[in-house]
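What TrEMBL annotates here:
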TRANSMEM  35-55  transmembrane segment
DOMAIN    41-318  domain 'ABC transmembrane type-1'
TRANSMEM  75-96  transmembrane segment
TRANSMEM  149-173  transmembrane segment
TRANSMEM  179-198  transmembrane segment
TRANSMEM  264-283  transmembrane segment
TRANSMEM  289-309  transmembrane segment
DOMAIN    358-592  domain 'ABC transporter'
Amino acid sequence: MRNGFGGGLQAGGRMRKAGIKDVSLRRILSLFAPYKGQLTVIVLLALGGAVIGLVPPLIMKEIIDTAIPQQSVRLLAYLAGLLVALPLVSGMLGVAQNHLNTKVAQGVMRDLRMSLFQNLQRQSMSFFTASRSGEVVQRLTEDIQAVQSVVTSLVVSTLTQIVIVFTTIGILFALDWRLAIVALIILPAFVLPVRKVAGVRKRLRTETQKVRADMSAQLAEIFGVSGAMLTRIFTREQQQEQKFGAMNQQVMDLELRLNLIGRWYMMFLGVLGPLGTAIIYIYGGYSVIQGTMTIGAIVAFAAYLGRLYSPVGTLLNLHVEVGTALGVFQRIFEYQDRKPEVVDEAGGRELPPIRGAIAVRDVSFAYSQGNDVLSAISFEAQAGEVIALVGPSGAGKSTLIGLMARLHDPTKGTIEIDGFDVKKVSLESLRRQIAYVTQESFLFHATVRDNLLFAKEDATEDELDDACRKAYIYEFVQSLPHGYDNMVGERGHRLSGGERQRLAIARALLKNPRILILDEATSHLDSESEAYVQAALEQLMRERTTLVIAHRLSTVLSADRILVLEKGTIVESGTHQEMLEHNGLYARLYRTQFADKTEKTDKSNEMDMIN
Ligand code: ADP
């Protein structure tokens, strides 16, 4: 892939390296542009809160230096009242600010999720086959989740903290400039260890996140249906348990270390805080004794100090936070910028209703440059013809059928439908007229009806019935407790392989395409379901141009033409009889793997000459 997907690890690597150059700040800011008004209010609220927070120490000073010496109970009551009222006001501002914060953050997240979703919908299949499973979901959910912290912790709290630090320093100097200098000189003693600890914490946290992500990915694989089955069939429970156990332990160890570092961090603050206060009291106390300072000023001073150290620490760690935030945006932007490989050509017109003639002309295709999976493929199919594709596994059959609806585009050559180059018509109008029924018929975890309506949103009840009847699945659907409204795959109502296939066939029938692309299932159904699926397929293929990857004898026998693919080229073509006479690859495959079987089983059974 062009932009290099490498899963979490590589992305994590990029995250640390992300700089302003890679991610334009202007672009990040543009995300917030629609919320400008709300952001201004947030900043004002935050600043208001910060300023109000500066007042209480001054009130304490007034109480000690003025109200008490003057024995003014009224002033005392008034100041004490203020001490309660101010936090109340700032608390309310805080609630409003928090609400707005979340609203802006969630708004930006909603917009980003939507734009990523839209862009991912436009990607061609190669994107999904090349990304690590779960990565797409992770970017759409977790990475975007991180935006929330960017808004709250970075933008808002940084601003407030800058205001707090500068106003506090100003007030300290106003109270007593000598003491202020002392306080600032000891500041590094507080801040530097904190900064170091934060660095270690950051490293540990990244590591923990990576291990956790690995653990989730593993769990998803191990407990996914296929993974769970594989584990059981290969009786690998013990090994899986050991592997998981090691990871599980690693998570615990890392969390413990993280927590311990956190405790040390708190202890530093706990010890250094009183140390600073002690120095202030020694120096300030001495000044009071000398008569150069009031008691109230010292108390206020000590209170301000507490407000100074932690914001300075946070600000000094700003670069780490900014780095993380840039990384998050970089990962998001990468997805936003990803260009789909298959795109509607500008000025592409609608493909009119087709009859279904296909012409493949000198088509080559490579997933990665230089490795042609298909080379110089040419064939034609008249409207209504059935073309069967056979050949060894890996010959390129699935790749070839994927080209018809432009799941990927040929690297060379053209594909025409009714004389229209598929690249020159709109994707929507092309795909609307082609249906795929693949080996693993995918059904959404939804009702039978929803799964059918996926093909035709406005299908009537009669149309549903008709499609189901033709797909030989009507009786089965009727026998479900909730009929069409039964969930697919819900406990107790799981569908068998044959039923799923017939439902997929009903879905394709509803779409009623002129061109049908079929990948016959290799899974062996019992003969009764097999017969049903076969009958349903016959209904589906009726009067349509069909391109089928054939695994059954009946299919090749009834095909108008058979194309034999080997290593990406058509090595033979003709009817079953012609090619038997030609005595080439087809005849060989037929004799070694298939003729045998027909004698033992019956004529209409699976032809397993492929794969
Ligand atoms: P068939 O359907 O005949 O078994 P395929 O079309 O699935 O063959 O595969 C043809 C070749 O292309 C194989 O060598 C396969 O490994 C390769 N291939 C298939 N899908 C991809 C993909 N998404 N990315 C890279 N290579 C692929």
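Using N, Cα and C of the backbone, Cβ positions are placed for all residues, glycine too.
Because TrEMBL annotations are produced automatically, they should be read as predictions rather than curated entries.
Keep in mind that what you see is a predicted model, and the values were worked out from it rather than measured.
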When each of 35-55, 75-96, 179-198, 264-283 is checked against the transmembrane segment (149-173) for Cβ pairs under 8 Å, which one has the most?
35-55
Tertiary contacts of the transmembrane segment (264-283) (same chain, 6+ residues out, Cβ under 8 Å):
179, 182-183, 186, 189-190, 193-194, 197-198, 201, 298, 301-302, 305-306, 309-310
Under an 8 Å Cβ to Cβ limit, what residues of the same chain, 6 or more beyond the ends of the transmembrane segment (75-96), are close to it?
45, 48-49, 52-53, 55-56, 59-60, 62-63, 66-68
Restricting to the domain 'ABC transporter' (358-592), report the mean pLDDT as a whole number.
88
